[in-house]
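Features of the protein shown, as given by TrEMBL:
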{"type": "TRANSMEM", "residues": "6-22", "note": "transmembrane segment"}
{"type": "TRANSMEM", "residues": "43-62", "note": "transmembrane segment"}
{"type": "TRANSMEM", "residues": "74-96", "note": "transmembrane segment"}
{"type": "TRANSMEM", "residues": "128-150", "note": "transmembrane segment"}
{"type": "TRANSMEM", "residues": "170-189", "note": "transmembrane segment"}
{"type": "TRANSMEM", "residues": "201-219", "note": "transmembrane segment"}
{"type": "TRANSMEM", "residues": "284-305", "note": "transmembrane segment"}
{"type": "TRANSMEM", "residues": "317-335", "note": "transmembrane segment"}
{"type": "TRANSMEM", "residues": "347-368", "note": "transmembrane segment"}
{"type": "TRANSMEM", "residues": "411-428", "note": "transmembrane segment"}
Amino acid sequence: MEVFYYLVFGGLAAVVAALELGKSGKDRVTTTPAFNAFKNNYILVYSLMMSGDWLQGPYVYYLYSQYGFDKGDIGRLFIAGFGSSMLFGTIVGSLADKQGRKRACITYCISYILSCITKHSPEYKILMIGRVLGGIATSLLFSAFESWLVAEHNKRGFDPQWLSITFSKAIFLGNGLVAIVAGLFANLLADNLGFGPVAPFDAAACFLAIGMAIILSSWSENYGDTSDNKDLIAQFKVAAKAIASDEKIALLGAIQSLFEGSMYTFVFLWTPALSPNDEEIPHGFIFATFMLSSMLGSSIASRLLARKLKVEGYMQIVFSISACTLFLPVVTNFLVPTSSEKGGSISFGGCLQLLGFCIFESCVGIFWPSIMKMRSQYIPEEARSTIMNFFRIPLNLFVCVVLYNVNAFPITIMFGMCAIFLFMAAILQRRLMVVSDLHRSTKAVEMTGEDEPLNP
């Protein structure tokens, strides 16, 4: 059955290579040297930031267990990270709009480097502080960098359509290729070279420091609303008012929370789903396969965005496919006979689920650049980081609840719940398309002075 893993990985690699090498003129956008330099600088920094994050992922749980902590203690450490992101992330995001996005990106580097340093201590309180710092850093990673990019892109007068190029390339490399290489490099340091499970965290700190040096030397500062009378509370009010008064922003936030909540739940569930009877599965190789699937999705997204297809339209299909793939474990549980043998190779049902999970990860690869594109269109510049972190509050709350009750429900119930959330995201995406089309028609009428809406 081990051949199956290589066939899946090889097939995905061949498809990704064919898509990248087979791009036609319709899939490419003519840009300027100035934009290419700007794009490459951002992608380099983003890849370094993501490598600092991906290097840590495979060994967090293992390191805590090596320090002698049980499942309950480790669960509380993980909850602390998501809870910190929920409680402090919004505040830090608002400060990014007020004090500067470049400063926020530097704060991310410093916070995550300090978090990596705490991993050297076996003291529970020190590790808890590290998780809090990591939660703050995560909020900045998924808000400050994108906010800086959008503002700087517009400030330099580049074509708004070119943002899609940067988004797609950043996800293709940062969430795909870098993740695969980081996982293999972490395994090399910790296992093959024998430096132990703390070594990947030291490597992550080094990459973060390099990225911070590039930010300090080559990035300019940009802000949201810098009015002197806008304190932190006022900034929150501006963000809350924008969400409450604009249905498009509220829908976008709900869609993002539903999808990312399901995605993070999947991260905890895929291992027990593929090995319900402690089957021997190559976790690292499967992780690399998932990241390759994500690369496939981002490659597809770059083609869709280059051809200027309506994001609100094709994302309905993506969410529907995602819902079907995460409902697959429920179906296989009832239709495919399960073996009671302990410690064998992956079952036939597990193979089917693995293929479905690869399709889901491809949807994740399409989701990231597409949601970034929609956020750049709908979220107002003056409170961009604040609003983006507001979106993460229900997401982090949901993940904390799942982590706290991970043993309370059967795994099929958890997957069924995720499938329902993704189907709800598809419905809300349909509503977002209707509202945005209506908004465009209304603006067209106002500009032309006609009484009848124009055809979209």
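Cβ atoms are placed via backbone N, Cα and C, with glycine included.
No curator has checked TrEMBL annotations; they are predicted automatically.
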Subject >> Leading contact stretch, 43-62, 128-150, 284-305, 317-335, 411-428 vs the transmembrane segment (201-219) - CB distance under 8 Å >> reply: 43-62
Subject >> Maximum Cβ pairs under 8 Å to the transmembrane segment (170-189) - stretch from the list 43-62, 284-305, 317-335 >> reply: 43-62
**OP:** Decide whether the stretches the transmembrane segment (347-368) and the transmembrane segment (43-62) have at least 3 CB pairs under 8 angstroms, with pairs required to be 6 or more apart in sequence.
**Re:** no
Original post:
Out of 6-22, 43-62, 128-150, 317-335, which stretch has the largest tally of CB pairs under 8 angstroms to the transmembrane segment (284-305)?
Top reply: 6-22
**OP:** Grab the same-chain neighbours of the transmembrane segment (6-22) for me: Cβ-Cβ under 8 Å, and only residues 6 or more beyond its ends, written as numbers and ranges.
**Re:** 285, 288-289, 292-293, 295-296, 299-300, 303, 354-355, 358
Original post:
Which residues of the same chain, at least 6 past either end of the transmembrane segment (128-150), have a Cβ under 8 Å from a Cβ in it?
Top reply: 42, 45-46, 49, 53, 77-78, 80-86, 88-90, 92-93, 96-97, 101-102, 104-105, 107-108, 111-112, 114-119, 163, 166, 219, 222, 224, 372, 375-376, 381, 384-385, 388-389, 392
